[in-house]
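Lifted from TrEMBL, the feature list:
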| type | residues | note |
| --- | --- | --- |
| DOMAIN | 3-96 | domain 'Fibronectin type-III' |
| DOMAIN | 97-202 | domain 'Fibronectin type-III' |
| DOMAIN | 511-765 | domain 'Tyrosine-protein phosphatase' |
| DOMAIN | 682-756 | domain 'Tyrosine specific protein phosphatases' |
| DOMAIN | 797-1055 | domain 'Tyrosine-protein phosphatase' |
| DOMAIN | 973-1050 | domain 'Tyrosine specific protein phosphatases' |
Amino acid sequence: MHDPQQLQVVDIEARQVTLRWEPLGYNVTRCHNYSLTVQYRARGGGKEESREEAAHGSQHTIHNLSPFTNLSVRMLLRNREGVKESPEIHVQTDEDVPGEVPLDSIQASVYEDKILLKWREPAQTFGIITQYEISYKAVSSFDPVLDLSNQSGKVVKLGNETSHVFLGLYPGSTYSFTIRASTAKGFGPPAITQATTKISAPLMPVYDQETPLNQTDSTVTVVLKPAQSRGAPVSVYQVVVEEERPRRAHGGEAEILRCYPLPVHYHNASGLNSRYYYSAEFPSAGVSQPQTFTIGDNRTYGGYWNAPLLPHKSYSIYYQAVSAANGETKIDCVRVATKGSVLPQTIFCMTFDLWLISGAATHKPNAVEPEKQTDHTVKIAGIIAGILLFVIIFLEPQHTHTHTRTLKTIGYTDFITVYGDDASEIAVNQSLDIRNLCFLSCVADETQTLTSDTSSLVQSHTHTHSSHTHSLRKREAVDVPYHTGQLHPAIRVADLLQHITQMKCAEGYGFKEEYESFFEGQSAPWDSAKKDENRMKNRYGNIIAYDHSRVRLQNLDGEQNSDYINANYVDGYHRPNHYIATQGPMQETAIDFWRMVWQENTATIVMVTNLVEVGRVKCCKYWPDDTEIYRDIKVTLIETQLLSEYVIRTFAVEKRGAHEIREISQFHFTGWPDHGVPYHATGLLGFVRRVKAKSPPNAGPIVVHCSAGAGRTGCFIVIDIMLDMAEREGVVDIYNCVRELRSRRVNMVQTEEQYVFIHDAILEACLCGDTTIPANQLRSVYYDMNRLDPQTNSSPIKEEFRTLNMVTPTLRVEDCSIALLPRNHEKNRCMDVLPPDRCLPFLITIDGESSNYINAALMDSYKQPSAFIVTQHPLPNTVKDFWRLVLDYHCTSIVMLNDVDPAQLCPQYWPENGVHRHGPLQVEFVSADLEEDIISRIFRIYNAARPRGGYRMVQRVLGLGWPMYRDTPVSKRSFLKLIHQVDKWQEEYDGGEGRTVVHCLNGGGRSGTFCAISIVSEMLRHQRSVDVFHAVKTLRNNKPNMQQLKTLTKIIYNI
């Protein structure tokens, strides 16, 4: 007996295969009793299936096969002697029409006039997908007069294309889409879905001029024309009266007209300090054709009183149309008339009771009046600016490059238009806390109109001698990349404060609901990441790379599956694939990480995690301390710049066989806490701006990673994109930006807390702006900042300080819970100047039953975290705690900025000679020195209970040039010398590692001035620029009473 011969395939179809072999004679079977079996293995879709079928004669057909499936077939001949097998042959079934495109994979991102449709290939391809056919047709519209007959068509996409943008669609219309996939055998069954475009704002008629038909002292007559609906019928028309008030000029920028979505009645406008009110509202049928209307005729239209206009005021009259459908409301408006004042214009500033806002904040009897405080503070500001100019002349006489200082900010002037003159009285206890904004909505429902100021709150201030303003009558449309949310439109920067306020009410329910509407988990295929050979390359099993957006590495020679890295491309603001979001490298993937950096021509790496957090490894140290080889890539550390909240490392990177050396910078943000989010966004915003400024414009994608490459990575990217959008368009679209990011990488922005933090960060950025000034421009910029505007009687430096007051966080009772414990009351000089719990330096040295509390706060310097400890002058009962603090926190300098005064419980806490003993602590006088108006004393301090701990040398400096009766130092040069003396001692004695204790009477303004000037001086030396606002804001984030006077802020500029 021998095996069956000449087994061959004679017919192949999609679901069956016919076999033929040589007839079996007796000479083959050697008996009359035998059996013949066809055995085959089918492989397809990652599965393998084996079967056997009985065969007869010399031909057999295998039925019920899957199309486009590989088969391995052989014949088995069995008789009494045993089994003989034929050689195995291989065959593939023919293709068939594919299955249906998965309905749940079809995603539609809708705009006003376009729809982006995405889908996945059928689960059962049954061959090679060669093309997709998408038919579309408009089936209905919210606008009944719209003709949809020409809104249909068909497009064909290649087999590897799974998305298409349908352009030229009608707003507010529902379209039906039919998608079919095709192989060489034809089209499969269709998948049908529908999507509705967003409605557009009505198109307002053109008014060639703004001259009214008729005008009296109290009325203006205009023509109201019907608007053209776009996607939804016009529901109402409204006439809006806006009082013209002085506003700052926008340097060279056009003012874009913004409409008035929030209704304000005339009788509510003054109480809310609103610039505008509705004077009339008409149903759409009421303006079916042009008609005249008189503003100020003392009648009521649609519930709104059309009050007479005041003769001595100037007004602008706006006419707007509103469309609403499907949960959307769109408004367009046009200015139809202006009315000048009959008498010389008088500016009335309505006041808003901030007492209600701040929660029963009271004025102390000895509080400085706002007007006096302004003059008072301007003095100190001048001194600070002078000292700063002295620093620049002293440190860098030659710098010639030019720069224009630009602030993209919601300025104080705009805040004043919202809240009235009372805003100037916002002190530390009454400041705007962007962490807890719900109070803004608690006064009355109408307060939501407060931020509907028609003036642009995104402004560019260029410090030049002239500025001018242009106005546009109509809004200008802009192309916004993330405006894809049907129910989540972009937010104007001018409305951002109000939006966040409303979202934070009801215990954050608004943000909670919005965040939970994001799709959680996998939303696209990630087959490559799931392959067995790639599983070990993923740090976390649920945060891996989607196939469609993953970075594909060039395969290494001889390693077929070496193209995978857990990283995805993410689009930037109008910049495709501007970022690569990736996980923190592991030991196994560090080589792949550097391969990616080289392949993508990356020049900037952003790291938003620490290597170890809460005892867990979050990221491996993938960079060298000197030089290291990562396969064929050599990485050399060139420079490390340590700053208080981040580190900048510069590497030289080479690749074997490539004749170039690339410089790559790593920006490592270290200020993100182990849990939650940063308490304030100030540091992260500075970090984002530094990355933006230092990233080469023509380099490849910016690589951003945290540990998983989702949460903090998403926060950084969203903030970076939104800063660009706010600057370019005056709007932000955080919701749809996050949604877009999640379509590229799973779970970007991982928690609701992170989502809220992004909003707070963007709000802070818009309120404060970018206040960095190049050193060689400081003199001219400072001059411009002090120029008084004759219309507002204000100056940019005054507004900057007022903005600073506005954004300084208010400390709540729960923030200072430890300072408020009954046992600690007697340790506080002032119960309204308390350190927050998060900044406390808890005392370590044990002292009987004494608590570990001291009224002090840790503060960052420019380069070192917690470099300063700011505290009050020791009370008689806290002198011992003061020296415990100095010893426990390795302090090598003490700066005293007040006088000894027993009447104010300010004792002399140091020995003039010999030793002072405070329990086990001993403070020994070593030497003293008087140089001009600085007295320095050196002490030796040690703990007798721990002799092995050794001793510490401490220098205490006292500046005599700032008497208690003066608001500012007598000499800027002397104050700067005081700072330099401290810096020199710190560097010589402890290599700059020791901390500095700074105290004045209550640890407030004077201490803050010293810390701020020290920070700015360091910034000037290392960065060749200054940012006084950022320095003071950073200090105030930890202790709001730092820098309470505008004059002190001005001192910092002046120094």
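Note: Cβ is positioned from N, Cα and C throughout, glycine not excepted.
Counting Cβ pairs closer than 8 Å to the domain 'Tyrosine specific protein phosphatases' (682-756), the top stretch among 3-96, 97-202, 797-1055 is 797-1055. Each residue of the domain 'Fibronectin type-III' (97-202) gets a DSSP state, and the totals for helix, strand and coil are 3 helix, 49 strand, 54 coil.
Summarised as a single figure, the pLDDT of the domain 'Tyrosine specific protein phosphatases' (682-756) averages 94. DSSP places the residues of the domain 'Fibronectin type-III' (3-96) in helix, strand and coil in these numbers: 4 helix, 50 strand, 40 coil. With DSSP classes pooled into helix, strand and coil, the tally for the domain 'Tyrosine specific protein phosphatases' (682-756) is 48 helix, 6 strand, 21 coil. Counting residues of the domain 'Tyrosine specific protein phosphatases' (973-1050) by DSSP class, helix then strand then coil, yields 53 helix, 8 strand, 17 coil.
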